[in-house]
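Everything on this sheet refers to the single structure shown next.
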């Protein structure tokens, strides 16, 4: 019983991390059709901010966490202004390759100006202790992660449904020109989307850093790759799809970790991706894919 | 006698012009280049074959592929496993399963086997790729790259992971790789101008329209995908047969970035763009690498700057996309620069 509860919680916390990141990717994609490969570098910016706080001898964990999230949001906003605005109207492939280039540049900037080696960050260890509920031992970090994701999803839903700006964001994913005709500034909608995306990346960064305890230039790569796969499985551009894909991926990954023998330990990701590929044979556009208009609009 | 269409004729002219350029660079290197420069030019030609293999799928179907280095790796390892002499394999791969260490074949047969293995694998994976929408396909190719790299690292008993797989006979020199590159240029160009190539490019411009005209998009994408993989396998074989040692590392992200930047800079829609981009970046990057080591330049002692070449590559991609998304060549092939087109 204890074992099952633990594995379910494992699956939920893995899934929560992927869902957070996948949501950040999906909200940007739904509005401007941009596959943001640089999302992982936003996470790394958060990680390096923690390093900066540590070297300034600021130990207060609340300041460290808030600083990391703010830095991630700022970085996300800056990328939109500097790199993605010129390709705003371009086709998805152009946007994808731009983001890919931005990601390479940022990774190498970290390499050049900080260090190619991992740097330890110890200020977040306090998040992780083991708690006991009804005789079942759980890791607090996993509980926090799952709860945070649930709160974020609810908050995001309220924002998108109850506020004018949220409505504009949702409408922009359907018909951007129409939104502009109603007098809402395009730049503001893009800024909001990237801010939300950065916020989600910053939150994910806290949990990733609390678990890993160190930051290197490739910090964000692996989680974001998983988040991409989650987006593809859920249906690229669909927010519920991103959440569903994230949790599904978490469940498959934990199932693989439990079922695969120890000797195949290094191959977990390969098996996870293969199972995901099977889902894509069944539904090539993802499970909850939004309807795509391929022809000309009349 | 095969009747060629006018675009196929001009394609042959273009391929011949590119072949002249390739031979000229090769001759210059052979007569004036140092040993180091010959190696450099050789690797530029291997990358050229990679970029051409990438162009066949990316340029015609216009789906970004990020798994190409993995297929190059499959070709290189398959050929290396076949061609390496038994006595060396007994030392380097003592635990190899399925009797892999108990045979060795001659280089040509090994190369053929490697190409067939890569083609079969590409066909199986391609059946999944071609059905996806463009973004989904790109992410799945990324996943394929990660999976294949994980297999190279995990099965150290066959591939030796990040350690060197040594003892491959060094049967190739600059002349052989130039000859192969010229053949590949001609193949790519003829594919681009063939019925299949034109239909595929049409489907990239307007998927619904092309399908309505009877173009079998999935089948054509699969053909381009497998042809691309075969060319990539050839590139891997050229790499292994010249260096004599391979490891998993060169078939991963850094190489993906490098070759992708080459294709994007030159322009992925044309074969000429692929050739131009490869040579521009190959030689341009040498200059950046020189700066990276922290040389004394004009009397100023520059600091060591690891990562500068990565920044340069990323910047090339970002700037090309922002300023000229179709690359330097756009839709123009080399012969259109010299011959006035009749319309």
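Glycine too: its Cβ is placed from the backbone N, Cα and C atoms.
Beyond the ends of the transmembrane segment (B:12-34), by six or more residues, the same chain brings 4, 41, 45, 48, 174-175, 178, 181-182, 185-186, 189-190, 271-272, 275, 279, 333-335, 338-339 to within a C-beta distance below 8 angstroms of the stretch. Sequence annotations record features per position, and here TrEMBL assigns transmembrane segment to B:12-34 (among others).
Feature annotation from TrEMBL assigns transmembrane segment to B:40-58 (among others). Tertiary neighbourhood of the transmembrane segment (B:40-58): same-chain residues 22, 25-26, 29, 33, 64-65, 68-69, 71-72, 174, 177-178, 180-181, 184-185, 188, 191, 221, 224-225, 227-232, 234-235, 238-239, 242, 255, 258-260, 262-263, 266, 268, 270-271, 273-275, 277-279, 282-283, 286, selected by CB-CB distance under 8 Å and a gap of 6+ residues from either end.
The transmembrane segment annotation in TrEMBL covers B:70-88 (among others).
Distant neighbours of the transmembrane segment (B:108-128): 71, 74-76, 78-79, 82-83, 140, 144, 221-222, 225-226, 228-230, 232-234, 236-237, 241; these residues of the same chain sit at least 6 beyond its ends, with a Cβ under 8 Å from one of its Cβ atoms. Under the heading transmembrane segment, TrEMBL lists B:108-128 (among others).
Remote same-chain residues near the transmembrane segment (B:135-154) are listed as 63-67, 69-70, 73-74, 77, 125, 128-129, 161-162, 248, 251-253, 256 (criterion: CB distance under 8 Å, separation of at least six residues from the stretch ends). What TrEMBL records for B:135-154 (among others) is transmembrane segment.
If you look up TrEMBL, you'll see B:174-191 (among others) marked as transmembrane segment.
Residues annotated as transmembrane segment in TrEMBL: B:222-244 (among others).
Look at TrEMBL and you will find B:256-285 (among others) tagged as transmembrane segment.
Taken from TrEMBL, the feature transmembrane segment applies to B:305-323 (among others).
In this chain, the transmembrane segment (B:174-191) touches the transmembrane segment (B:256-285); three or more CB pairs sit within less than 8 A of each other, excluding pairs fewer than 6 residues apart. Here the transmembrane segment (B:70-88) sits against the transmembrane segment (B:222-244); at least 3 CB pairs are under 8 Å, leaving out pairs fewer than 6 apart in sequence. Note on the transmembrane segment (B:222-244): residues 42-43, 45-47, 49-50, 52-57, 60-61, 65, 68, 71-80, 83, 107, 111, 114-115, 117-119, 121-123, 126-127, 129-130, 166-173, 176-177, 180, 184, 187-188, 191, 196-197, 200, 250-251 of its chain, located 6 or more positions outside it, place their CB under 8 angstroms from a CB of the stretch.
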